[in-house]
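Contents: one structure, followed by commentary.
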């Protein structure tokens, strides 16, 4: 076989072996098939340029390759591009469809059949379908599609024996009417039927491979395919009853604001208890302090000092305060890894259960006002775990404009978990009105920055347009697998950046640049923020790691107001050095510098504003007045929001822009 | 009328979808121009949820405003 040129991942297929590709819509139970067929010997590799993984394993003398769940194959997003490339290189496709969502799922089935590859369909979840009153005529479905169809219940391994026995009876099916005729002239030029189909359907990437103009027939072909699928659906599905199940009712409750907001708050509270209290406290206490700082660091210091003294320049860089072998490793493995695993665990849980798209639906309206759509909630939640991780996750947003806004807001306003820990500790001693001041100022900056960006950036963000899959109990093996793959990829991607960051800062320390910056900043700290001179050191440390900055403040004798001013400033201050490096990697240099620079300005501007306002409103030696400052910020935010809305309204009437998916 | 004006429980026929990419995505989800769908939920000021058979789709308000539908079916 001469396939595999374009799949991006090298997969070894034994001599004469077949490439069996597993394909299906999201949430069809595909992974259970993969695990069952391949057993435990599975290879996983990252698809270049994405955060997605491709798994494959041996099945006899053949290879089974998994693909991301997609609704169709073309170039809409990373998942589709990968699924497309792998399906186009297949010798046989095992297509898993959900009997509950046959009408939706058969679109992909028909598209795969149209590529001309031999197909066998596993009609999964027939037990769920039966419970919902959906009866599928399997024989008729097989006749109409022209390929074998095997009913299965994957979670109970039902139908798997028959599927294995009949796997190689897979055959090319009945093509969408009219496609054949249009394909023939292209097949002669391209030589591959599947690629010819995608060119006809206007896929720009495949067309470019052959130096051809992408076809303009996508809509027409999609429409005919949809008509054919609907006609098949009409003939094979019989609905007996239609009662609203528990899952449907709960799904509704999750998206209605009146019930959905309490459910979301309850979920976030559970997440806080699990991650904020248990992982950040108990687990990190053990991994960071006991294991890394208690055992690992002394051991590595002792080892290195046999060759070079710690006080020398290479010594400082390797095992000093920000040492590559000490701080970087401790931070990554002791502190960050448990937190990242915790956050990804919840994210996978939400994803697998079908709750995530419902959260996105619930908060869509709120996020619209800051230029994002409901899906933007994912990086924002993750940002409270680690801003670096969240910044990488912004790749899932559908337009460049949304990524810009999300990354800027993450860098500016979202405190990561490491920083939150220190901040919460300092706020706890101050009383609720100071807590309110802190939270409100940060929140109003988030709203103002988002609204301003949404108004000033050209274009229009993509509107929410998502499938709401049925709610289901998450499968724990699935959730764990996702959690570990995502965590592993994050750490692999971020580790070099954390190391580079530590290296930079050690260099600054050795060369005296760090001290120079501290002195440079001092007048601003004293005169404008009304903080002691030493606070400048804390801010500079914040360039390295945000929690370092916050922790540096605990050692200073500060009044309650000074503490709040310092905390606000450090929260809005530049993201940690690893996040900054990720921003530089993900965005253009100019944009990254702009984000970094404006974080400096915003942090000192807002911090100073709070300090100066509090002084203004508290005449004499009286108690510091918090309420007027809060009211001022509320009023200021309202003014900004209203002005921006007016500006936007005048603009939308003059130009209506076409929104769409990114077609990178 | 446009989809954002629909009420919960109301059925309507989709007359037009705004852009090519939205039309393609909708066809995959099972919804085409001419199709009859039911509005299963409206989030105040937020997305409209439409359903057809067992398929549910959340459509942001801005997009719903650009979708022409024929109500009262």
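Keep in mind that glycine also has a Cβ here, set from the backbone N, Cα and C atoms.
Pulled from TrEMBL:
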| type | residues | note |
| --- | --- | --- |
| DOMAIN | A:17-173 | domain 'FeoB-type G' |
| BINDING | A:24-31, A:49-53, A:66-69, A:124-127 | GTP binding site |
| BINDING | A:35, A:38, A:39 | Mg(2+) binding site |
| TRANSMEM | A:263-286 | transmembrane segment |
| TRANSMEM | A:322-347 | transmembrane segment |
| TRANSMEM | A:376-398 | transmembrane segment |
| TRANSMEM | A:405-428 | transmembrane segment |
| TRANSMEM | A:434-457 | transmembrane segment |
| TRANSMEM | A:494-514 | transmembrane segment |
| TRANSMEM | A:564-584 | transmembrane segment |
| TRANSMEM | A:593-614 | transmembrane segment |
| TRANSMEM | A:626-647 | transmembrane segment |
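Features recorded in TrEMBL, as mapped to the structure shown.
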residue: A:24; record: GTP binding site; contacts (Cβ under 8 Å, 6+ apart): A:30, A:69, A:95, A:96, A:97, A:98, A:105, A:108
residue: A:27; record: GTP binding site; contacts (Cβ under 8 Å, 6+ apart): A:69, A:98, A:354, A:469, A:470, A:472
residue: A:38; record: Mg(2+) binding site; contacts (Cβ under 8 Å, 6+ apart): A:55, A:56, A:57, A:58, A:59, A:64
residue: A:39; record: Mg(2+) binding site; contacts (Cβ under 8 Å, 6+ apart): A:57
residue: A:68; record: GTP binding site; contacts (Cβ under 8 Å, 6+ apart): A:52, A:78, A:79, A:80, A:82, A:83
residue: A:125; record: GTP binding site; contacts (Cβ under 8 Å, 6+ apart): A:28, A:29, A:98, A:99, A:100, A:153, A:154
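Counting Cβ pairs under 8 Å that are 6 or more residues apart, the transmembrane segment (A:434-457) and the transmembrane segment (A:494-514) reach fewer than 3 and are not in contact. The stretch with the most CB contacts under 8 Å to the transmembrane segment (A:494-514), chosen from A:263-286, A:376-398, A:593-614, is A:376-398. Across the fold, the C-alpha of residue A:35 (Mg(2+) binding site) and the C-alpha of residue A:53 (GTP binding site) stand 15 Å from each other. The average pLDDT the prediction assigns to the domain 'FeoB-type G' (A:17-173) is 89. The DSSP secondary structure for residue A:27 (GTP binding site) is coil.
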